[in-house]
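Here's the structure we're looking at; comments come further down.
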């Protein structure tokens, strides 16, 4: 019964094995089908991509052709125009025309780009897809062959396993059979042994012999079966071992195929497919991205051109395009009739009165017209600003129209929301047209009025020159007078700064706001010092100075002092330059903000230097005003310094290397090495094109760097530091007023509107009531308005209660001038005034050498905060060479005569010991000018004229009068010096006011040089400024100090007029100029 079940079991085993092998065989076939299907799908996908790009290339080609047609259509119209010829020549076009050409160029550029894109699709991308398809098919075939080989090997392994398994079954069955036979033999042996245990005596001999032989047979059979069993058992063990080994090998082969070989087969099919497809699609992306880059570059060019839509430059280009039409014609010359040789307006006695009357009428008429025209101008400018606000409304953002979302509701027409469809457009257009009509009406009115003013002003100026008036009285006008110069501070002992902001390692904007210094003193002073002594210094800013000296200068500035104020200071130029660099390098926020670094560096990509400068200007205009003013001042100085590169070896590039890391440090996140070259290029561009980049004084009110500086010029700016009067008030503990009555507040009424130029000056409206404390100078009061203390300009107010003689109206001075004969001669042009700080001209030094006499010593002027004492006329009597044209002699005759006749022992002198400047002049200084009495310089016309006899004065008489006047003044100076016992530190305000009252008058009496002098009912003394040249051969003159005007850049001091050619002089040697006088110690430090 056991055998059939055993065979059945063997069959089940074989059937199960065969079933498993069959499943593997079917799986191998399915794998091959899947690989084949995958390859077909790839080929189909690649075919679709080819068709897609082929169609897209056709579309791009068609689009390119249409764009080319569009551009050609409009380019054909412009090729024959003058604009196109100008564009081809130098590309200097009007900005709108430039935008138009750039639009057409952009269309042509896009046309070329799309044609290039189509070519890339056809000849590059599609070819790549075709190659990928061929490669995929070939790889599948190769992989299929390898797969068949692997399948055969796998089936051989399975067949071998089947054979080994059957062998194992067979030997195992034989072993079992032999074992059962052996067991049966053992049982028979046991039975036989059991029988042999019976008593032998009962068994017959024959039976006993028969049993013995049967036992032997059983033993032999057992031995035989034992041997058979052992043999079969060994075979079975060997067969089983072989089967197990083969089974393990088969399982390993199957596992390897499914885990490794199959993956390798798939990799063979995919070999290069994804990489090739990646390259093909990246070719497409590169083409599209480069198309967009090219488009963006073109749009950036157009955007830059749109940003440069500027009417001023277009106006200039337009006028340059038609020079013949817009060039001013030649002036009309005087055409003499029948030999008439007179070509000037005659002011002789018969017509003098008529010309005087006409001059007065023109003066009055001009004043009225200017006020009216100024109001019309303000209205015009306000209307223009309104129109500009209307036309510059930012309504061009259409980003909402391009917002994408999954919802189709957002993809709707936005035409209803555009600017042109808004309901308010009609009303806006109507308002704009109405405003434009009003603007043109006011503009026509303003132009007509300004034309009339121009004609009347020309006549007025000609009459003024003819009649010989140097300074007309301002009482004739009804418009606000020029703003007087600010009272400047004392430089003798600069007190410690009152601001709390750090100078070094601080914030520039905060420091300017806190200190009131528009240009920090350290910047202004260092630049001035280098301007005077270091422009030709080789290697300036590149060669390091003494660290000890740099620290000393730095500490002095931090204490609020100015160590460079003394012109005789022998600081090393390199140390001063090092302090300037140290200041900018230590700023908490660099001069160029870090947030603007990337924007500025991006300007390097602009090759055109002018366009680059304009782009930099656009970026810098976003900076704070205070920083921009300092930046403008610094780069104007660096540009000036680079003009001496032949001597100092510092061209703009070298200066940029020195100042680049200081002014524009590279952020830490940037590459320091690569960015530094770009930074230097930016700084170099700003140095070279600083006039283009920075707004001028008209656009940005503030100090402007002057190339020609003198020892005291750098404080001439009306933007000097505030709080100077407080420093004067604190100096020596003196009171800045001239009488005890001024201690009581005085009420005043504003005649005109005034807007303060700084926080120190008060702003007020016409008719406002002001409270005046005391007189700070001839031009300024210390007062209060609306609870705020500050400076009040004298010429803008009417004083209700004034007992002080200095504070009285200047009409008293005019009366005294009209009644004083000895001083009327001195009303000459202010251009002839001699500066006490002038150096000796070459002519004078040459004459001294010819005489064999040493020239008078040249004294460097002391420091003041402004180059002249604003509280003291610049004709200080400490200069013993009295100039007949000095305003002091013409403007203050009463004070001069009173001073001359004043008893030195009078109560007035005792009450004011040492306050007059005369007591502060040393005898040695006073005696310096006795050697060479000078001849007074001529007026601007070149000769002395008297309107009484119309004859030129004798030069010898003039020299004799000058000598007598000089000797008299010197004698009085010596007497006053001997009698003066009190010495005190000079006070700017008090000394100035005392000198105005106590100035001596010359002894000579001559006729007035100007008939207009007797006409003026009120003469305001001209505000003058002193300019001291740093070179020995440069002469400076006094010139009227006018209020700073927007757009008017400060210029170097004008040279004196040439001296008149007087009789009895060598034609090769000019007349001796007045010798150098000692410094006016009432205004110097």
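Placement of Cβ uses the backbone N, Cα and C atoms for every residue, glycine included.
Note that the structure is a prediction, hence the values are computed from the model and not measured.
When pLDDT values are averaged over the domain 'F-BAR' (19-314), the model yields 86. According to Swiss-Prot, the domain 'F-BAR' annotation covers 19-314, on the basis of sequence analysis.
Taken from Swiss-Prot, the feature coiled coil covers 351-390 (among others).
Feature annotation from Swiss-Prot assigns phosphoserine to 416 (among others); the stated evidence is a large-scale study or a structure entry.
The annotation region 'Disordered' is assigned in Swiss-Prot to 475-496 (among others).
According to Swiss-Prot, the feature site 'Arginine finger' maps to 542, an assignment based on sequence analysis. Under DSSP, residue 542 (site 'Arginine finger') is assigned to coil, being neither helix nor strand in the three-state scheme.
Here Swiss-Prot flags 743-802 as domain 'SH3', drawing on sequence analysis.
Among the features that Swiss-Prot reports, region 'Disordered' is placed at 808-954 (among others).
The phosphoserine annotation in Swiss-Prot covers 835 (among others) and rests on a large-scale study or a structure entry.
Annotated phosphoserine per Swiss-Prot: 917 (among others), in sequence order, evidence recorded as a large-scale study or a structure entry.
Annotation comment: Swiss-Prot describes 922-931 as compositional bias 'Basic and acidic residues'.
Positions annotated as phosphoserine by Swiss-Prot: 932 (among others).
Here Swiss-Prot flags 956-985 (among others) as coiled coil.
Residues or ranges marked as region 'Disordered' in Swiss-Prot: 997-1038 (among others).
Residues or ranges marked as phosphoserine by Swiss-Prot: 999 (among others).
Sequence annotations record features per position, and here Swiss-Prot assigns phosphothreonine to 1001.
Here Swiss-Prot flags 1027-1037 as compositional bias 'Low complexity'.
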Summary of DSSP states over the domain 'SH3' (743-802), given as helix, strand and coil counts: 4 helix, 30 strand, 26 coil
Cβ-Cβ distance under 8 Å to residue 542 (site 'Arginine finger'), same chain, at least six residues away: 650, 654, 657, 658
